[in-house]
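**Q** From TrEMBL, for reference:
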- 25-44: transmembrane segment (TRANSMEM)
- 271-290: transmembrane segment (TRANSMEM)
- 288-422: domain 'SSD' (DOMAIN)
- 297-318: transmembrane segment (TRANSMEM)
- 324-348: transmembrane segment (TRANSMEM)
- 368-388: transmembrane segment (TRANSMEM)
- 394-422: transmembrane segment (TRANSMEM)
- 514-536: transmembrane segment (TRANSMEM)
- 707-727: transmembrane segment (TRANSMEM)
- 734-754: transmembrane segment (TRANSMEM)
- 760-785: transmembrane segment (TRANSMEM)
- 797-825: transmembrane segment (TRANSMEM)
- 837-860: transmembrane segment (TRANSMEM)
Amino acid sequence: MIAASLSALLRSALSHHGRFVASYPLPFLILPIALTCGLCFGFTKLGQLSRGQNSFDLYIPHEGLSRTGRDQIKQQFGTTYMAELDPINGVTFCLIVKRHDGGNILSSEFFAEYTWLRKSLEAISVPFNGSRATYAQLCLRDPRASSANCLPDFVEAITQQGIEGYTDIMRMRFPDATVRPPGYVQSLNMRVPLGGVILSSRGFIVSAEAAQMTFHFPFHNHKLAREWEAQMRDLIKLWSSSLIDISWLSVSQFQRDADSMAIFLRDLTPSLLMVILVFCIGAGCVADWVHSKPDVAVGGVLSAIAAIGSGFGLSLLLDVPVVDIVFVAPFLILSVGVDDMFIMLAAWRKTSCTATVQDRLAQTFADAAVSVTITSLTDGLAFAIGAVSVFPAVRYFCCFCVASICFTYLYQITLFAAFMAYSGRREADNRHCLFLTRLPTSSEAVDRSLFYKVFCTGGDGKISTPGRREMMDEGASSIDSTGDCMGISAKDSMLNVLFRRYYAPLLQWRCAQVIALLSYAAYLVIAAIGCGSMNVGMNYTELLPDGTPTSLYLEDYGRLFAAHSTPPLEVLVVDEDMSQTETQHAALQLVQRLEHDAFTGKAQMWLLDYLLFRDRLSDRSRDFYETIPEFLNQLAYRHYQTHLRFDPLNRRVTFRFLVDTHDLTYGHERVFLLFVKSALEQTALSNVTAFHTTFQLGEQQDAVLPAMLQSVGTATVVMLIVSFLLIPKLACSVCLAACIISTNLGVIGAMSLWGVRLDMISMITLLMSVGVSVDFVAHVSYFYVEALQKNMTASQAQYALWSLGLPIMQGALSTICGMLVLLAIDAYMIRAFVKTMMLVVIFGLYHGLVLLPIVMSLFIREDHIPKESTKPAGKMQPADKEMVASVMSKRRTPIYMSTSEERTTTDSVPPSVEPKLSRRSSFWKALNKSEQTDSDGGVPLTPIVVSKSRKVLNWLMQHDPALDQYPAYSTNSLHRIEIDEKF
């Protein structure tokens with residue numbers, strides 16, 4: 001099969017590579033470090049590529065209406081109408097002022113405090129043209145005012161006759177009111193900037209919780225506005241009042257608060273490294289000072305760090321923009337990067353300590369080749385699919401992750417392999433894992449103190465009972481130990497013992513299988529409930545740490561003002577001949593469709609006023625374009641100058657008009673967006689677009705679910721192809737697909753129930769979940785099929801769990817440790833990321849270590865798997881016995897064997913056979929004779945357990961722990977002993 005061929009080719013290639021690295025480790029240690037140092041020059045561009053990249057635009061589709069509509073309006077008029085009035089994208093400074101106790105602000109004390117605060121802020125001065133200028137000289141002017149005053153403050157306009165003027169507010173309707181600010185020749189219809197309003201039965205204002213104070217600057221005073229803001233920020237920090245609280249927002253403050261996320265993540269990086277390093281060192285240590293691998297653990301962490309540095313450096317050199325969420329990637333890549341280390345370490349411990357370092361590293365790479373490749377390939381492909389997402393932030397994040405994962409794989413087979421080679425040499429010399437001094441074995445220190453035996457001896461695995469490597473190579477016996485190196489210290493690897501002796505047999509019980517399947521049914525029900533209640537989309541506050549000035553302002557605004565204080569909808573019409581009646585009718589029809597809907601109010605359009613203006617002209621026959629300048633010079637219509645551009649020669653008009661909006665609270669943005677799109681599609685005007693600040697949220701809500709389904713679906717198909725190419729069993733590919741889909745359904749459902757919305761953050765982790773799911777499932781599937789191919793006497797699930805149960809668990813725990821460090825940052829984005837990754841790891845373990853072994857043991861049988869060719873089973877011939885005796889005598893361990901009570905020649909152990917293999921049998925009694933010696937040299941005999949049937953042999957080894965010390969063979973594997981030099 002293709003999968004078998006590719007798997008064998010990969011094993012062979014990496015085996016030769018491992019042997020070469022073991023022979024010449026130094027170049028593989030120096031070259032990756034040199035490459036990392038060179039690529040790290042890319043970090044010199046970090047400040048340049050991260051500047052200005054934290055806009056919310058990065059979290060919306062790159063071809064959405066919010067982006068194209070805004071760009072077209074800017075192209076025609078230089079800026080959007082709301083840009084200068086938008087505190088996030090413009091140069092407006094907004095403050096929400098409320099009482100300490102949350103009570104009614106409609107009182108003389110509050111308005112006195114409010115007025116004093118505003119006058120203090122307006123008195124701030126900044127250097128300007130050789131002197132100092134206050135807000136009055138720098139503010140954005142209102143063309144409707146006779147003296148070109150600053151845009152009016154509503155409360156100031158109401159209280160112009162004194163602070164008792166607040167009583168006028170209580171005679172106004174809400175949310176719009178008619179007032180006449182100072183300097184205006186006529187009254188204005190203004191949106192009342194009050195929040196938390198309670199109305200009477202007649203619609204009048206009874207009380208309010210907060211008032212909004214705004215300061216507007218034109219774009220050309222951008223730098224001066226920043227200087228003014230710096231002084232305003234200092235004044236607010238020093239402001240002390242027993243009556244009012246202040247929350248405030250500006251574009252630069254939003255940027256600073258967004259940047260603080262990256263600063264927090266950067267400061268947490270040392271803590272992450274320490275946690276992962278301590279965990280890996282602990283996982284690499286066993287109860288033997290020689291066989292413990294803290295040096296390998298350090299090498300694995302350093303390799304992951306080097307991969308992150310190289311991946312980030314290369315991405316920066318390629319000018320990939322940096323967004324805040326990118327700084328989460330090291331926490332993820334570092335946790336994922338050490339997974340391969342655990343797999344390699346588990347493969348190393350299965351090798352024979354008596355073999356050379358070259359042979360051991362070659363065998364390690366051969367055993368771990370497919371697993372390590374699957375881990376890196378699946379994770380890399382999952383992020384590569386995300387790199388073509390419609391969301392820029394997701395694309396940039398995935399680009400950094402793809403580069404880092406590629407270097408993770410490269411450094412795993414070079415830099416980390418060199419660390420393993422040097423550690424293998426240390427182990428071969430029987431040196432201490434920390435102090436590198438040579439240690440005697442415990443048998444060589446019989447007369448020394450207990451302290452010396454505990455802390456100053458090691459390497460006992462090298463004199464363990466023979467045959468352990470053959471046992472695992474041939475699958476001819478129980479898998480009770482973790483390899484020749486650990487042959488007599490299996491008790492030190494408690495999780496391996498747990499997986500082999502207790503957990504794997506537990507999964508074979510019918511009762512346990514029924515319970516597991518019932519739990520999976522409950523899992524599906526809960527997932528379905530959660531998926532049905534999933535909230536979609538994110539808002540501005542989710543990009544910020546909790547407790548920052550911007551997040552506090554946005555929380556107050558969303559709670560008190562969002563329902564009635566949203567900015568107007570801006571509609572752009574380009575190059576139309578408005579002198580034509582048909583065109584006028586189409587424009588007015590568009591206005592009619594847009595206004596007075598569930599989320600819109602009255603439209604403000606120049607054409608309506610202009611047609612009335614022309615009706616009042618004495619000469620109505622004058623050309624349509626001739627009277628436009630006269631219309632715009634009228635004081636009442638002067639504000640339309642920024643809304644209209646006309647070309648009388650070509651008889652074309654480009655204009656924009658505004659439509660009031662309301663009740664655009666969270667969750668309604670998508671409905672409003674679809675309503676506007678529908679109105680634009682129905683119009684007869686040829687070139688029309690629109691823009692509203694909530695389009696960003698609406699488009700994200702509209703696009704995130706299809707984007708997630710497309711990305712996860714594509715990733716699943718790709719993972720299936722990868723698994724089919726590397727795992728020689730179609731049924732395993734089906735199980736793989738089912739586990740991926742099931743894991744993602746469970747994660748999405750649990751996310752919803754845990755308060756996490758489906759947005760860009762969770763979308764990234766869902767992509768990651770595809771790779772993680774494949775890691776867990778593919779590893780178990782591969783070793784399950786390998787056990788079937790090799791005719792293991794132990795159950796296939798037992799072999800698979802023994803081989804990779806421990807490294808899978810260690811990899812999952814390392815990921816959880818990395819995620820827990822992130823909880824030090826109090827921000828929704830981090831909480832969502834951690835929660836989703838926790839769910840991915842937990843559900844991935846559930847599928848890989850619980851469901852999959854049960855499903856495969858039920859539905860994937862031995863007769864469905866191609867077997868490796870072996871010598872047909874038969875009776876042990878005298879020549880075989882002599883050969884075994886000859887080989888074993890070289891190690892001064894004579895043979896004792898007996899098969900007198902073996903009654904079956906089948907591959908199974910019928911119940912009738914078990915009593916014959918009990919402790920009362922002559923076989924058992926003979927095997928447990930402990931005082932047998934060699935007649936020539938007096939060397940104690942070491943029995944060899946020999947069985948014609950692998951199943952019988954497995955039963956024997958499982959039912960008496962005393963047999964752990966004996967090497968075991970089946971007659972099918974004896975013909976290979978002669979050519980096994982490592983034996």
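Each residue, glycine too, has its Cβ placed from N, Cα and C.
As the structure is a computational prediction, the values presented were derived from the model and not from experiment.
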**Q** Do the transmembrane segment (25-44) and the transmembrane segment (734-754) share at least 3 Cβ pairs under 8 Å, sequence separation 6 or more?
**A** no
**Q** Given pairs 6 or more apart, does the transmembrane segment (514-536) have at least three Cβ pairs under 8 Å with the transmembrane segment (734-754)?
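**A** They are in contact.
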**Q** To the transmembrane segment (324-348), which of 271-290, 394-422, 797-825, 837-860 is linked by the most Cβ pairs under 8 Å?
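**A** Looking at each of 271-290, 394-422, 797-825, 837-860 in turn, the most contacts to the transmembrane segment (324-348) are made by 797-825.
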**Q** Excluding the flanking five residues on each side, which residues at least 6 beyond the ends of the transmembrane segment (271-290) place their CB within less than 8 Å of a CB in that stretch?
**A** 296-298, 300-301, 305, 330-331, 334-335, 338, 341-342, 345, 427, 430-434, 439, 455-461, 486, 489, 491-493, 810, 813-814, 817-818, 820-821, 824
**Q** Three or more CB pairs closer than 8 Å, sequence separation of 6 or more: does that hold for the transmembrane segment (734-754) against the transmembrane segment (797-825)?
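**A** Contact between the transmembrane segment (797-825) and the transmembrane segment (734-754): absent, because fewer than 3 Cβ pairs are under 8 Å.
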**Q** If you run through the domain 'SSD' (288-422) with DSSP, how many residues end up as helix, strand and coil?
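**A** Going by DSSP assignments, the domain 'SSD' (288-422) contains 109 helix, 0 strand, 26 coil.
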**Q** Let me spell it out: take the transmembrane segment (394-422), skip the flanking residues so only those 6+ beyond its ends count, and list any with a Cβ under 8 Å from a Cβ in it.
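**A** Same-chain contacts beyond the flanks: 14, 17-18, 21-22, 25-26, 28-29, 31-33, 58, 295-296, 298-300, 302-304, 306-308, 310-312, 314-315, 320-323, 325-326, 328-329, 332-333, 336-337, 340-341, 344, 348, 357, 361, 364-365, 372-373, 376-377, 379-380, 383-388, 707, 760, 763-764, 767.
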